[in-house]
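K.L.:
Below, the features straight out of Swiss-Prot:
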SIGNAL    1-16  signal peptide
DISULFID  Cys61-Cys155  disulfide bond
DISULFID  Cys107-Cys126  disulfide bond
CARBOHYD  Asn132  N-linked glycosylation site
DISULFID  Cys173-Cys183  disulfide bond
DISULFID  Cys208-Cys245  disulfide bond
CARBOHYD  Asn233  N-linked glycosylation site
CARBOHYD  Asn345  N-linked glycosylation site
DISULFID  Cys374-Cys433  disulfide bond
DISULFID  Cys378-Cys387  disulfide bond
CARBOHYD  Asn397  N-linked glycosylation site
DISULFID  Cys403-Cys422  disulfide bond
TRANSMEM  485-504  transmembrane segment
REGION    514-531  region 'Binding to the ribonucleoprotein'
ZN_FING   543-563  zinc finger
ZN_FING   568-589  zinc finger
REGION    586-603  region 'Binding to the ribonucleoprotein'
REGION    590-601  region 'Binding to the ribonucleoprotein'
REGION    609-623  region 'Binding to the ribonucleoprotein'
MOTIF     613-616  motif 'YxxL'
TRANSMEM  627-647  transmembrane segment
DISULFID  Cys734-Cys769  disulfide bond
DISULFID  Cys750-Cys884  disulfide bond
DISULFID  Cys764-Cys895  disulfide bond
DISULFID  Cys862-Cys866  disulfide bond
CARBOHYD  Asn927  N-linked glycosylation site
DISULFID  Cys992-Cys1044  disulfide bond
TRANSMEM  1106-1125  transmembrane segment
REGION    1121-1134  region 'Binding to the ribonucleoprotein'
Amino acid sequence: MWSLLLLAALVGQGFALKNVFDMRIQCPHSANFGETSVSGYTELPPLSLQEAEQLVPESSCNMDNHQSLSTINKLTKVVWRKKANQESANQNSFEVVESEVSFKGLCMLKHRMVEESYRNRRSVICYDLACNSTFCKPTVYMIVPKHACNMMKSCLIGLVPYRIQVVYERTYCTTGILTEGKCFVPDKAVVSALKRGMYAIASIETICFFIHQKGNTYKIVTAITSAMGSKCNNTDTKVQGYYICIIGGNSAPVYAPAGEDFRAMEVFSGIITSPHGEDHDLPAEEIATYQISGQIEAKIPHTVSSKNLKLIAFAGIPSYSSTSILAASEDGRFIFSPGLFPNLNQSVCDNNALPLIWRGLIDLTGYYEAVHPCNVFCVLSGPGASCEAFSEGGIFNITSPMCLVSKQNRFRAAEQQISFICQRVDMDIIVYCNGQKKTILTKTLVMASAFILLQVSFHCYQGLPIAIAIELCVPGFHGWATAALLITFCFGWVLIPACTLAILLVLKFFANILHTSNQENRFKAILRKIKEEFEKTKGSMGCEICKYECETLKELKAHNLSCVQGECPYCFTHCEPTETATQAHYKVCQATHRFREDLKKTVTPKKYWARLYRTLNLFRYKSRCYILTMWTLLLIIESILWAASAAEIPLVPLWTDNAHGVGSVPMHRNTYELDFSFPSSSKYTYKRHLTNPVNDQQSVSLHIEIESQGIGADVHHLGHWYDARLNLKTSFHCYGACTKYQYPWHTAKCHFEKDYEYENSWACNPPDCPGVGTGCTACGLYLDQLKPVATPFRIISVRYSRKVCVQFGEEYLCKTIDMNDCFVTRHAKICIIGTVSKFSQGDTLLFLGPMEGGGIIFKHWCTSTCHFGDPGDVMGPKDKPFICPEFPGQFRKKCNFATTPICEYDGNIISGYKKVLATIDSFQSFNTSNIHFTDERIEWRDPDGMLRDHINIVISKDIDFENLAENPCKVGLQAANIEGAWGSGVGFTLTCQVSLTECPTFLTSIKACDMAICYGAESVTLSRGQNTVRITGKGGHSGSSFKCCHGKECSSTGLQASAPHLDKVNGISELENEKVYDDGAPECGVTCWFKKSGEWVMGIINGNWVVLIVLCVLLLFSLILLSILCPVRKHKKS
């Protein structure tokens, strides 16, 4: 019993889950002005016609549904049926039946309903029906004010027996509509449509609802007649009203027709040309069969005397809406026609209707929202890192190969923020955001954990550990050197004697071992010499009885006396006088070394090792003089090592450099040449002083700057590439003559039809067809669910260029050179010898989203005679008609006895876009940065360095040192501001105010330096007057005072950067890190090291004197501890 109840409960839950469907509403994340609403819809599975007539939508959303939708609406229901007399097959073999039916919640919107729902914060939830004679497929629509996006994340709509979960998805768009992965903002002005070259064009899905409203301004049939150029009469007495539309699921209401709004004009044109709009096919219904009964007329409403509406009766899967409104009456006669296609063709004047709901694509002019760069930062969180990315506009794409990037979005005004977790920090974190590669140096995060521990230790004074603990947390040798320096200063007076004592104990241990080993080896050598002399003079030293080899003469005599008597010569124990017995006894005898020890006592040992051991014992490791000497010496050595280890972090990417030369180059050779290659993303700066080989005091400054590679492509904008679903419909007719009917899919943008006429037997006729040999079949192919997915550009020509500037003394020249081109001046020649590239003429660049995110290179893109499934199969060119693909497959009509014929198509049924997505990894991709584009040209830079340039620089020897040695340009420096941190991998940015006098333009470099080392440089072209220069550097220490330097001259004052590891760690853009600076400056030597150490000590004293007091207190404590543990020895008076 209970098991059956449990089973029933589980089955009921499974059925409930099966009947839950999603409706996703896309919301831009920034509020805009106007009555903006968002909308969505969802297709539901079929239910019986009787159940469909009883549907009532219910909502659990916190916005109440509009009251007017709960009222009962009356429609004229038109159904068809076979006549009782089926003797002959003709157009009169079936008939229609009209009646009145009531619905509650059907999409029959009232005038000002959407506007009122916006002001009153109410929702509009309704449904539409696509029906045949037996069942209906509901489509639920929802329109809500944009405020709902901020108030709710999801809610439920009930439409018995279905439940629809409404999910509000915040897009990265600020106010625009998400299409092709980009944010499009339509422009309603007609002038923008007339000047299409100045605006972008996008295909946007639009949903329109007919509003019946009487009035002279709502004569919609008159507008249709005027738009189509037909000559219909009595339009004033026909239906009146308008369509209210929501564009792209996110817009203020658009009213059609409206002559002053281009959006309304496009919507109205779409309704007239394709009145059925998109079909309502569910997945797997793209291949279906219709049985067409034929054309028939009906009376709307059923009480009128004459028939006033034409319809086409069918049986099969319903694909289009069954609701419409009669065009011939101004009273608003609504129609519900299950199993019938109403005549929506507006080219005829009578017996037609207007669609009640229309859904389709329209082409609109407008602009795309700008894509802003991302900022990424991370903080330490447990064993990993907690990161956050934010952008001023929105984030269209964010991925990371080492992080779990979730979609935890937060929005603040127009800014979008995404939080995610990185589980590992043992390697640098790489994040791709908005087409940019960001690198977070995790060694800074690892330092933070140690720093936090130290900061907790000094909880009573939080500022104390800043200047010292951060130096300890620097990875590598510098951190260990800092620790050794601090330990020596604070506890050296205790640790030095303790370490010395430990060393002495170890030395004495080894000295004792060496002494013992040496004495043993010396004694063995004496015994060997004694034995050799005895054997030379008297013979063998072996006992004749026991055959034992003796070491001394005394031992041999004892053997001769005892072995004869059967006694042991060592312990005098009785044993049998045989060789075997005595040898066995000697192995266990404890006194065999007796004669050896007696001889060892007579040998005098050497005193060398004894003197060494005694010296170690007498060493005065407790002496204050010794401790002071070692303490001072260690502090000096450790300070030098500490300063040497705090070198700058070079900003050098991976590149091949064959250049030869140093900071100062004497011009002995005929020419001075550099030859190297480096990535396209790198910027190169080369600076040297060229000296006169005759007079070293005469020199000329040479400064060469080569910008990163720019790629410019002349392109042809091919338009928009569409994804689509291919439908195969079989339409069979067996009532009356074989007529070529106008089916709803004939208004699709891309369709093709193959007709088969009369059959000669029952082989293909279903049993419900009256007569024999009657029937014709139409096989229709058409594309629906068109969706723009990408933007392709065909490359006409491509150019790779770099801007090269040369400052030679006073001479300043610049030129942009292409590959295999040279820049020649009087003294220098700079050439790009070759470029390794992956772009070529004729390639197609495909952008699947914002162009800032990069694209895909297609070597084979279809431009003419395209087949469905090829790349570029369904295209919407700009300012040209829609291009449909060809369908090269063959049709086959499959016949079985007494069944409806079925069309078969053996061609490809998968769109080109879906094929590309399935094999996208096989295509070559590229990234972009600093992209600028029009319909005719695209310019960008390669952020990945995938391309390489071979550069050759030749400097002539013919230099007039007499005239060029004097440079009149005067540069003044002042440090204005600093951001960032010292000593970290992220670095700092120093803002310098640089003044230039005596010359109009000067190309030079400004460095960020402290007293000892320069940590970064920026090549800049100065103009006369004040210039602002921002320099990025990495390195330094807590005492570094960063100044702006030009050559050997620096600003009078410097600025100190923040301590690292205290704030969040920001990501570094690859573009900011891809630069090579080479000025041949000498490396930091011993003098430089001492300056650096002194600067650090002075920085500690000036910046945080409490630290110095604490260090001195620790030093005093170690001295007291020394006096307790190692008191001074008192000398007794003689």
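Even glycines carry a Cβ here, placed using N, Cα and C.
Could you give the neighbours, burial and distances for every feature on this list?
P.N.:
A simple way to gauge crowding: the CB of Cys61 (disulfide bond) has 18 other CB atoms within 10 angstroms, across all the protein chains here. According to DSSP, Cys61 (disulfide bond) is assigned to coil rather than to any helix or strand.
Neighbour list (Cys107 (disulfide bond), Cβ cut-off 8 Å, at least 6 residues apart, same chain): Cys126, Tyr127, Asp128, Tyr141, Phe209, Thr323, Leu356, Ile357.
Counting Cβ atoms from all protein chains shown, Asn132 (N-linked glycosylation site) has 22 others lying within 10 Å of its own Cβ.
Remark: Cys173 (disulfide bond) has Pro28, His29, Cys183, Glu369, Gly394 as non-local neighbours, by Cβ distance under 8 Å and separation of at least 6 in sequence.
In the three-state DSSP scheme, Cys208 (disulfide bond) is classed as strand. There are 27 other Cβ atoms within 10 Å of the Cβ belonging to Cys208 (disulfide bond).
In sequence order, Cys349 are the residues near Asn233 (N-linked glycosylation site), counting only same-chain partners six or more apart with C-beta under 8 A.
Under the DSSP three-state reduction, Asn345 (N-linked glycosylation site) is assigned to coil, being neither helix nor strand.
When Cβ atoms from all protein chains are considered, those within 10 Å of Cys433 (disulfide bond) total 25, not counting its own.
In this structure, Cys378 (disulfide bond) is part of a beta strand by DSSP.
In the three-state DSSP scheme, Asn397 (N-linked glycosylation site) falls into the coil class.
Counting Cβ atoms from all protein chains shown, Cys403 (disulfide bond) has 21 others lying within 10 Å of its own Cβ. According to its DSSP assignment, Cys403 (disulfide bond) is coil.
Long-range neighbours of the transmembrane segment (485-504) within the same chain, counting only residues 6 or more positions beyond its ends whose Cβ lies under 8 Å from a Cβ of the stretch, are 468, 472, 616, 619, 621-622, 626-627, 630-631, 634-635, 638-639, 642, 1111, 1114-1115, 1118-1119, 1121-1122, 1125-1126.
Using a Cβ-Cβ cut-off under 8 Å and counting only residues 6 or more beyond its ends in the same chain, the zinc finger (543-563) has close neighbours at 527, 530-531, 534, 569-570, 572, 577, 579, 582-583, 586, 595-596, 598-599.
Computed over the zinc finger (568-589), the whole-number mean pLDDT of the model equals 80.
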K.L.:
Just to verify a number: CA distance, Cys862 (disulfide bond) to Cys374 (disulfide bond), in angstrom, no decimals.
P.N.:
35
K.L.:
Which chain-mates of Asn345 (N-linked glycosylation site) that are at least 6 residues away have a CB under 8 A from its CB, listed by sequence?
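P.N.:
The answer is Pro275, Asn352, Gln742.
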K.L.:
Among the recorded positions listed here (Cys155, Cys374, Cys378, Asn927), which has the Cα closest to the Cα of Cys734 (disulfide bond)?
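P.N.:
It is Cys155, whose Cα lies nearest.
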K.L.:
For Cys1044 (disulfide bond), identify the closest of the recorded positions Cys245, Cys378, Asn397, Cys884, judging by Cα separation.
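P.N.:
Closest by Cα: Cys378.
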K.L.:
Please give me the CB contact count at 10 A for Cys750 (disulfide bond), counting all chains in the structure.
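P.N.:
So the Cβ neighbour count for Cys750 (disulfide bond) comes to 21.
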K.L.:
Measuring Cα to Cα, how many Å separate Cys208 (disulfide bond) from Cys433 (disulfide bond)?
P.N.:
37
K.L.:
Tell me the Cβ neighbour count for Asn927 (N-linked glycosylation site), meaning other Cβ atoms within 10 Å of its Cβ, over all protein chains shown.
P.N.:
21
K.L.:
Please tell me which one of the recorded positions listed here (Cys61, Cys245, Asn397, Cys750, Cys866) sits closest to Cys895 (disulfide bond), measuring Cα to Cα?
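P.N.:
Of the recorded positions Cys61, Cys245, Asn397, Cys750, Cys866, Cys750 has its Cα closest to that of Cys895 (disulfide bond).
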K.L.:
Nearest to Cys422 (disulfide bond) by Cα, among Cys245, Cys750, Asn927 (recorded positions)?
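P.N.:
If we rank Cys245, Cys750, Asn927 by Cα distance to Cys422 (disulfide bond), first place goes to Asn927.
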